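Engineer: The following feature annotations were taken from TrEMBL:
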DOMAIN    19-441  domain 'Major facilitator superfamily (MFS) profile'
TRANSMEM  12-30  transmembrane segment
TRANSMEM  71-92  transmembrane segment
TRANSMEM  104-126  transmembrane segment
TRANSMEM  132-156  transmembrane segment
TRANSMEM  168-192  transmembrane segment
TRANSMEM  198-219  transmembrane segment
TRANSMEM  239-272  transmembrane segment
TRANSMEM  292-309  transmembrane segment
TRANSMEM  316-335  transmembrane segment
TRANSMEM  341-361  transmembrane segment
TRANSMEM  416-436  transmembrane segment
Amino acid sequence: MPPSCCGCLSQYTHHHLVVFLLTFFSYVLLHASRKTFSNVKVSISAQWTPSLQNESAVYEMYTTIFFPKQATLFLGALDSIFLFSYAVGLYLSGVIGDRFNLRYVLCVGLCGSAAVEFVFGTLTEWLQLYNVYLYCVLWVLNGLLQSAVWPCVVAVMGNWFGKTGRGFVFGLWSACASVGNILGAFLASSVLKYGYEYAFLVTSVVQFAGGVVVFFGLLTSPKETGLSPDEPEAQSPRAISFCQAFCLPGVLPYSLAYACLKLVNYSFFFWLPFYLSNNYKWKEAEADRLSVWYDVGGIIGGTVQGLVSDFMGKRAPVLAFSLVLAMGALVGYSRSPDDQVINAVLLATTGFFIGGPSNMISSAISADLGRQEALRGSQEALATVTGIVDGTGSIGAAGGQYLVSLIESKLGWMSVFYFFIVMTGGSVAFISPLLFKELRAMWRERRALRRQL
């Protein structure tokens, strides 16, 4: 039987707490700035589209860049551009993180992406510089810089926190993305009345400041304090190759499952405020605030499911059970009435069953895969494995974002939800071999225990 949570927590020092908080809030700030783009899509779309309602319409046609309805498709294309570049960057940054100082790589990602977002959302608006190619280049650069952050923070957490209680600790810690979404929605809705450029300004400045704090305050390994790591190494750690990491047991199926699941999760991330505002005709600020209930559900789901997986000693059964229920939750949410309270409840339920498994794969399961016995003493695989899992997930999410905008424009939002249900079922299919393997192992363990009794 796995140890209790209290027993797991008692082994940690104040250094563990500082590392937990610094890595947690570094990704909170990154996701807050990333969430800003989805929170202000309605305002950006209006700014990029001429109003054809007055005599200045001809002038507006030359100072904006889209005809009506084209802006929505370009916003979807920008989401895909960001995620494709983010995915490519994850494959590279994971390898880089295992070979260079994690703190340096992390801070370059945080501060660099903050600067790019300031130029994209604030400076271009101040200068009235609307250019499709400039937006695309900036968003590619933003994706590459942001990709450096997640593999680094997971690797740092993996260095400090061993496998004992990892499901609970990482389940709680992986709430960082959802907390960042909530913070981003709050900051954006607070300043949106002054213009969408100020939403980008606030979040990018805060993120840059966070990167400076991390640079001077983060310790990437217990070795830097003289403490012994939770999982002692048999030899000096060496980095493994990308291909070796990809061939590790469990990496491929979890990566493919995450590609399907992240498509759904990030579609909610990028499109939920836009959907609420357009489908229910709620004000943009109201839609931003309501969208946080999806993240609240994800926070609770990741923590609870991580804790359950610790007590079971298995991840796949918890993951599969939650994803099956997620398909039902998607059906329920797609039929939500025009009532904000009911919508919030259904949204939190959906977040629990989709966001929870997503958090588990990207954090606790990635750490398990990067520290499995097959490595035999090579501990420098955490960032590489995390980059592979998250990178493959981002490829799926990237293709999905343009498909969401395309399906919605041709068939409507109900067809989008059917698409989400199919993708969630795909996640279950990819992890099914691991599920059956773990179920057989549980059955053998119980049979062996009965024989001893």
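The backbone N, Cα and C atoms fix where each Cβ goes, and this holds for glycine too.
Values in this document were obtained by computation on a predicted structure and should not be read as measured data.
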Engineer: Among 12-30, 292-309, 341-361, 416-436, point out the range having the most Cβ pairs under 8 angstroms from the transmembrane segment (168-192).
Structural biologist: 292-309
Engineer: Three or more CB pairs closer than 8 Å, sequence separation of 6 or more: does that hold for the transmembrane segment (104-126) against the transmembrane segment (198-219)?
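Structural biologist: When sequence-distant Cβ pairs are counted, the transmembrane segment (198-219) touches the transmembrane segment (104-126), since at least 3 lie under 8 Å.
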Engineer: Sort out the residues at least 6 away from either end of the transmembrane segment (198-219), same chain, that have Cβ-Cβ distances under 8 Å to it, and list them.
Structural biologist: 15, 18-19, 22-23, 25-26, 29-30, 32-33, 36, 39-40, 103-104, 106-107, 109-111, 113-115, 117-118, 120-122, 156, 184, 187-188, 191-192, 225
Engineer: Averaged over the domain 'Major facilitator superfamily (MFS) profile' (19-441), what pLDDT does the prediction give?
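Structural biologist: Here the mean pLDDT over the domain 'Major facilitator superfamily (MFS) profile' (19-441) amounts to 84.
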